[in-house]
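S.K.: Provided herewith is a single structure, encoded as structure tokens, for subsequent inquiry.
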Amino acid sequence: MKIRLHTLLAVLTAAPLLLAAAGCGSKPPSGSPETGAGAGTVATTPASSPVTLAETGSTLLYPLFNLWGPAFHERYPNVTITAQGTGSGAGIAQAAAGTVNIGASDAYLSEGDMAAHKGLMNIALAISAQQVNYNLPGVSEHLKLNGKVLAAMYQGTIKTWDDPQIAALNPGVNLPGTAVVPLHRSDGSGDTFLFTQYLSKQDPEGWGKSPGFGTTVDFPAVPGALGENGNGGMVTGCAETPGCVAYIGISFLDQASQRGLGEAQLGNSSGNFLLPDAQSIQAAAAGFASKTPANQAISMIDGPAPDGYPIINYEYAIVNNRQKDAATAQTLQAFLHWAITDGNKASFLDQAHFQPLPPAVVKLSDALIATISS
């Protein structure tokens, strides 16, 4: 397997890496005793002074931050939250460099990444999923696809949609002879991290050996293959390209449907084919709550649940536990705590097709949030 997160972070070592106290994660926290910031309890209200928190990263998580930011500002007018959808890779890099307070990511930092860059943390915010879409006019069925077949499509060994391997999964469906056009992310992406993990798990002797998985991978040079930036670019690119197959974050489900893209049923480890709905995502996630470690670095791809959708993940805030001042640390704590409590209500999550964190994972996230200080 090939993971590029460590490479991404290693590039940053040539520049000032973290926030002011980078590398000092073992120092006793120095948060405000009035709020408990950094003192083992979570600040539930922000500082009273004006504070701006900057977020960038995952385009999958971006729609949710666009709901959270204004809602938190309405409750606390002195707090402004800026959000940008730049891709998980950029979010991780900018959080590490200290240019943003929150790097939004669909991909977790490994234990090795965190050990090499003291102070960076994975903080789970919600549960998400990834859909596989396609542009096949005239095909109304939800086609069944699995990781092995998708790997062959992205490697160029399955060249047309009426290939016997696709037909075998979809008996009775009139498949066109349209050329397969694999579409991948051009930017460093947590969506690529998730999708290529799925291919690697279901095709371990093929895709799993090369190119493997990561936020960026060396996609095979398939004639006609295309690359796009962001989930919005993936929706547009696929909608404009007959024969396209694409992996797109669940928060863009409505946009993909509005553009007429088909949505695949994906094969899981039990051989069952499912769409990414609330039931299949929650079924897949249920078995992972008790397995989630304190640092929250865990893959939930292609889990064991027979009725579970195979591409699900925690959405993460990649955060440095040392912020520039006490007001920023307190406000960041308060916002992240709000995000995993009030912000996990259906009124927010349903709009992005996300699922709430289980109570046990909320406790893990809160324990990490409590370590943020100045």
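Just so it is clear, glycine is given a Cβ too, placed from its N, Cα and C backbone atoms.
Pulled from Swiss-Prot, these are the listed features:
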SIGNAL    1-23  signal peptide
LIPID     Cys24  N-palmitoyl cysteine
LIPID     Cys24  S-diacylglycerol cysteine
REGION    25-48  region 'Disordered'
BINDING   Ser58, Thr59, Leu60, Ser88, Asp106, Ser189, Gly190, Asp191  phosphate binding site
S.K.: If you pair up every Cα among Ser58, Thr59, Leu60, Ser88, Asp106, Ser189, Gly190, Asp191, the residues annotated as binding phosphate, what's the maximum separation in angstrom, rounded to an integer?
M.R.: 10
S.K.: Using the Cβ center of Ser58, Thr59, Leu60, Ser88, Asp106, Ser189, Gly190, Asp191 as the phosphate site position, which other residues in that chain lie within 8 Å, going by their Cβ?
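M.R.: Near the phosphate site, beyond Ser58, Thr59, Leu60, Ser88, Asp106, Ser189, Gly190, Asp191, sit Gly57, Leu61, Gly87, Ala104, Ser105, Ala107, Thr192, Phe193, Leu194, Asn231, Gly249.
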S.K.: Using the structure shown, find which entry in Ser58, Thr59, Ser88, Ser189 (the binding-site residues) has the sparsest Cβ neighbourhood within 10 Å.
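M.R.: Comparing Cβ neighbours within 10 Å for the binding-site residues Ser58, Thr59, Ser88, Ser189, Thr59 has the fewest.
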S.K.: In DSSP terms, helix, strand or coil for Leu60 (phosphate binding site)?
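M.R.: It is coil.
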S.K.: DSSP three-state call for Asp106 (phosphate binding site): helix, strand or coil?
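M.R.: Reduced to three states, the DSSP call for Asp106 (phosphate binding site) is coil.
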S.K.: Only counting partners 6 or more residues apart, tell me which same-chain residues put their Cβ under 8 Å from the Cβ of Asp191 (phosphate binding site).
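M.R.: Thr59, Leu60, Ser88, Asp106, Gln130, Arg185, Asn231, Met234, Tyr247, Ile248, Gly249 - these are the non-local Cβ neighbours of Asp191 (phosphate binding site), listed in sequence order.
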S.K.: Just counting, how many other CB atoms are there within 10 A of the CB of Gly190 (phosphate binding site)?
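M.R.: Looking across every protein chain shown, the total is 31.
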S.K.: Counting only other Cβ atoms and using a 10 Å cut-off, which of the binding-site residues Leu60, Asp106 scores lowest?
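M.R.: Among the binding-site residues Leu60, Asp106, the lowest count of other Cβ atoms within 10 Å belongs to Asp106.
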S.K.: DSSP on Gly190 (phosphate binding site), three-state: which is it?
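M.R.: DSSP call for Gly190 (phosphate binding site): helix.
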